[in-house]
């Protein structure tokens, strides 16, 4: 047996077992430690060459992380947009929600001032009074409102107005580290991409996290089982919301110990979280109902609470942090979002205004579309009211408006491109009441289009 072992040799270099330190056996093959080292050197050289080619390519050169700021942040107080100016811009695109717009305007204004103050402190010469300088901390914002009330639209409109990077993320795809899904650091990667991979600029940005209510834990009490997409995500977001040095993988996905990460300081990034929080008003109503029960309750106070309970739309105006805890948010997470804005449910009158008043109103959009076919589109006031009433019944907010108009305009937009002689079209209330029951009758060129209702 010893004689057989003496004839073992490396299948690659041919050296015998006595000539090498280690000989590793495989299925019918042997390799020595020297050949293993040589293979590792070859792989390392190829990896370096490949990485160099990637880094030298024009596409990647533009996306490499940098600390040089290309965009100018307002540094003087006089150049910072005032809250009234920010709200005026929001008014042009978002109808209603006055309280939420006021809160967002003040928060963005303070965000600009905090950046200017920090830069001013950094430019000061170091002296003995530096330790006494006031440190300005950020106040993250929580937007609560029913679906279609304008939470995402407010965030998108702010993105148009701001000179700082603005990124929108979805909380539903986030999971705790180590599980299938996105890490919370991928939120910062979106902001970094919006900043054209400029780290210094990204650290001054704003992030809007949508559907934040979807990461609420299943019950108020801590669970003994893993909640990887609920409480686990809240725990992972804590330090990011408060301010920390986060390691972000430049290519996205999961972090790898052998891959380089980009470090981003989140202490100056403003986070705005939004969610519908379906069922939260029931928790508030239940609490208000308990307060109005008992022999020692003030009768006048009981009447006030009873009125609050009747209208669920007003229930969220009495929201407290304990209600959010019962909904499923952990106290530590709520504490890091001190500012809370509640958006109102859209009324019929507000829906009518949304159809016609904003810059990108649906009526204006469809008028523009039909003008490309040389057709003038008009809506009777009664038809706008009927569309708003139908949208209000569907209880999906402003999103129902587009669905209704798309249904209403489908047949019309199907036939319009082929009817070059028609120059004008009027949407009437009867058409809204009887969707898809109208027929288009061809008329001589230059005349107004007539709608013939079917029986």
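Each residue, glycine too, has its Cβ placed from N, Cα and C.
If you check Swiss-Prot, you get these features:
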- 10, 13, 32, 35: Zn(2+) binding site (BINDING)
- 146, 147, 148, 149, 150, 151, 152, 153: ATP binding site (BINDING)
- 1-51: domain 'ClpX-type ZB' (DOMAIN)
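A Cα-Cα distance of 65 Å separates residue 148 (ATP binding site) from residue 35 (Zn(2+) binding site). Mapped onto three states, the DSSP output places residue 13 (Zn(2+) binding site) in coil. Recorded residues residue 151 (ATP binding site) and residue 35 (Zn(2+) binding site) have their alpha carbons 62 Å apart, per Cα-Cα distance. Secondary structure by DSSP for the domain 'ClpX-type ZB' (1-51): 27 helix, 10 strand, 14 coil. Closest by Cα distance to residue 152 (ATP binding site), from the binding-site residues 13, 32, 35, is 35. Listed in sequence order, 10, 12, 13, 15, 20, 21, 22, 23, 24 are the same-chain residues six or more apart from residue 32 (Zn(2+) binding site) with CB atoms under 8 A from its CB. Counting Cβ atoms from all protein chains shown, residue 10 (Zn(2+) binding site) has 21 others lying within 10 Å of its own Cβ. The Cβ of residue 149 (ATP binding site) has 26 other Cβ atoms within 10 Å, all protein chains considered.
For residue 147 (ATP binding site), other Cβ atoms within 10 Å of its Cβ number 16. Geometry remark: residue 146 (ATP binding site) versus residue 35 (Zn(2+) binding site), CA distance 66 Å. Compute the center of the Cβ atoms of 10, 13, 32, 35, which mark the site for Zn(2+); besides them, the chain residues with Cβ within 8 Å of that center are 11, 12, 14, 15, 20, 23, 30, 31, 33, 34, 36.
Here the binding-site residues are 13, 35, 153; the one with the fewest Cβ atoms within 10 Å of its Cβ is 13.
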